[in-house]
Every structure is written in structure tokens, then in C-alpha cells.
């Protein structure tokens, strides 16, 4: 028995992440030192170009047009949602840029050190799902690249049955893309500067090239502009019906970014100077979201004009395959390079916006045994287990569920915004965010702030009937009023939760509001001084080891 205990302890010690890891801290979770904050204004601008110009954004208007909106109305909807998304991203990212901590740690202030596990689990769930979905998109681009070099790849014998929801060449391409992501998951986020710049430049050139080629070949905007009713078989919407469809599409556009709004601090913490992240958010995000939307509409419309026998080619990989089928053999080179550029974009989205983000959350959930690298690999493995080919190629309610998950993320956003800006006025005590003791301002009741779950439930409940009806329309039928409330779910839940949060904290104030540390506890705001010949200097700084004794002693908590 004693031998088994010794073996177990040795194994657990071996599995611990390097450095001074505790149940609430490791080097990836605590505030970053200046040496790891390497993202300048330019890097943030290119980062958003690399991740926001992607397959999903390219086809973003397809749902709006399918619901009966005209092209002009769809563009207005996208512009409105883009403005709201941009404002929310700026608001969300400021805390990370100021205090250099991730979303997981900032949310310890309103939720408590243990209560913050709830928003983290919500985010981890989404990261796993979207890693699989975005990875599938990347696999489809990989398929186009291989097919452009070896056209026989499209005719590879299929060894799967009709219920598999994919063919053998789909699986081969998906596995290749999945494997290509793995080395990037091993990089620290501060190392993504050069890959982001390269990816951004190439995907921008490719997107513009595909758009210009399609527009010149068609000679006009195509049938979606001239006669959209004939394409979709839907008449013009009028009055309140038109208004609610536009509101629904605006909310849907915001909902697609609800998770991204929450995780802004995960990347703004890497800013060289507080506020550097704002330049990328204000400049790149509107340009990429609105630009991708317009390019996607025009290109798809033109393709319908010169490929009338093809279905609507909203997905860019479908368009590239159609080009190879219908154009001269010389087009294969252009198809390959366009697919390669969007392959890089999908790498950026899958690895950074899904894998690394989920890895940070897992690192905060179990920092003694999981760092960003290990967490990202876990997300990648689970991303396969969700069978993304089933999700994307079968008629089920799963996509509706994860697309409408903003119902549950909106209240988390409202709590975070209200707590950081309205209640604490952007002042938090960093050292107490890692202190699991009664003396911590953020320990509350056994690590849970009772105000947070109450606020979250009150923020969610109004949208639940409409959400259930949207996911399972055959079995859940509700009145138009509840459906319309659901169409307002994200902004409504943010406002309700923010209001409830302020009311509860006015009735029963939380401790430590507006307080900050007297000292730079983690060496976050100036480099720690080390002897030049020290072992730490040679192996890379572990600034957690220089934190106060009461922090490093938490190894044994």
C-alpha cells in the first residue's frame, strides 16, 4: 500500500507543469511579465486579418438572404452587427491589456476563484465544438489543395457507408489538416506574430483575387442583386416581418462572435502597451467582417451567373472545386494558391481562436497539471471526438444549438462588463485573484460569489423559450412574443444581467471594491531584475518564483 502511494505521488509530481504551479496558478495564468508581452499595434492588426477573413465569414450573408432579405438589407444587417461586435470587443479586451491576465482570471473577480469555473466550462465546451467545425472547414480546403495537384484525389474510392456523412478523401484531408495544427499548438501565443502577418497578407490577396476574377468574368453583380426572389423563391418582406427578420439576423451575427467577445483578454494581455489591441479591433474587425461579407455575396452571386447549373456556392471550397471543374486545366494553379491562403487562415482560426483559447481556459481550471500547450492538445483531441463531419453534413439541431449558445454567453458578458467597469471602475487587486483563502477579496463563500449565478439565471431565462423552439421546432412551440425575445437574446441578456448585477451589489456590496495592490506583486509592470549569471536567466525567466511567499506557498494548497 505504501509503495502504491509513493508511485501515485511520483506520477502526479511527474505530470505537473514545469515551474511553480499551484491549484490556482502557473506561468501561463498569472499576469504576464513585459518579456512575454510582444504583440504591438501592427501585430494585432494583422492577427485579426489572419483570423477574421475565413470561410465562415465569407458565407455569413447566406442565412440572411435565405430568410428573404435583399442584398442591400443583408449588408445593412452585417454593418449593424459589426459595429456592435467591434464595440463589445474593445470593451472586453481592455482588462487584459491593463492587467495582463486572461479572461479566466478576470472573471474570478465577479464569480469568485471557484465560481469562475462555470464560465470557463461554458467556454471550453464551445472551444471543443468550434475546433472540430473549423477544423472540418480547414480539411475541406486541404482537399481542394490536394485535388488541384492530383485531380484523381476527388475520385478516390469511398470506403464509407451512406451514413458516415463523409467520404474517404474528406477524412484523409481532415486528418492532414488536424496534424498540421499540432506543431502550432505547441507554440506560445507570443510566438504567433510572424505567422499572423504572413497568413494575413496571403489571405487578403487571395480573397480580393477571387472576388475580382468572379466580378470581371460575370460583368455585373449577378442574379442575387438583380433578381434575388428568383434565386431563393422568397418574395419581398414587408413591415414588421422584415423588421424582425433583420433583428434576428443582427442578433445571429453578434451571437457568432459571442465567444470571441468574451475571450478578448486572452490576447489583449499580450499587448506591449495597454491599448495596443484597440487598433486591431477598431481597424481590422470592421474591415474584415463587412468586407468578407460583401466579397462573399458578390462572388457567390457572380458564380451563380456563370455557373447556373451549380448550387449556390457560398462555401469557398465549393466555389474553388467548381472553378476546377468548369475552367481550363491552367486554373488548377490559381485554385491551389487560393486554397492555400485560406488553408493558412483556417489554421489561424482553428489553432488560435479555438485551440489556444480553450487551452488557456483549461490551464486556469487545472493549472497544476495543464498549461496552454497541454490544454490546446486536449481541445484538439476532443475536437475530433465530436465528429464534425456529422455536424456539418447531416440535418440536426446541433449547429442551431451552438450558434444560439449566445443565450448563455450574453449574461456572462453582462456580468463581466458591469463588474469591471461599473462596479470596480477598472480597479482589481491582482494578488487576491490567486489567493484561495478567506482573506482574499474574491474568495466570497467557499470561492463562489452567490450574486453571479443568480444574475446569470435571471439574464438567461427570458430567452430560453425561444431558444428551445429554435433548436427543436418540431417539439417546442411558443408564441411569437417569446420568439421575438429570443431574436434580441444577446443584447437583452447583457443589459438584464448588468442591471441585476449592479442592483445586487448595491443591496449587498462585495468586499474590496476599487482596491488595488500596493506593490507590483508579480513583476507585471516592470521587468524583474535577476543576476546575469543565474540559472533562471539561462533557461528563461520563471517570474512566478519571484512572487511573494504567500503566493508561491500555494503550491501545497
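Keep in mind that glycine also has a Cβ here, set from the backbone N, Cα and C atoms.
Whatever TrEMBL says is automated annotation, not expert-curated.
Not measured: the values here are computed from a predicted model.
When TrEMBL is compared with the stretches 334-363, 424-453, 514-543, the one noted as transmembrane segment is 334-363. Contact between the transmembrane segment (171-187) and the transmembrane segment (334-363) is supported by 3 or more Cβ pairs under 8 Å, counting only residues 6 or more apart in sequence. Among residues of the same chain six or more beyond the transmembrane segment (334-363), those with a C-beta under 8 A of the stretch's C-beta atoms are 26, 28-29, 47, 50-51, 53-56, 102-104, 120, 123-124, 127-128, 130-131, 134-135, 137-138, 141-142, 144-145, 148-149, 177, 180-181, 184-185, 189, 192, 195-196, 198-199, 202-203, 205-207, 209-210, 213, 260, 263, 266, 316-317, 320, 323-324, 370-380, 383. Between the transmembrane segment (283-307) and the transmembrane segment (75-96), the number of CB pairs under 8 angstroms, six or more residues apart, is three or more, so the stretches are in contact. Using a Cβ-Cβ cut-off under 8 Å and counting only residues 6 or more beyond its ends in the same chain, the transmembrane segment (75-96) has close neighbours at 60-61, 64, 69, 102-103, 106, 246, 249-254, 257, 260-262, 264-269, 271, 274-275, 277-278, 281-282, 285-286, 289-290, 293-294, 297, 413, 416-417, 420-421, 426, 428, 491.
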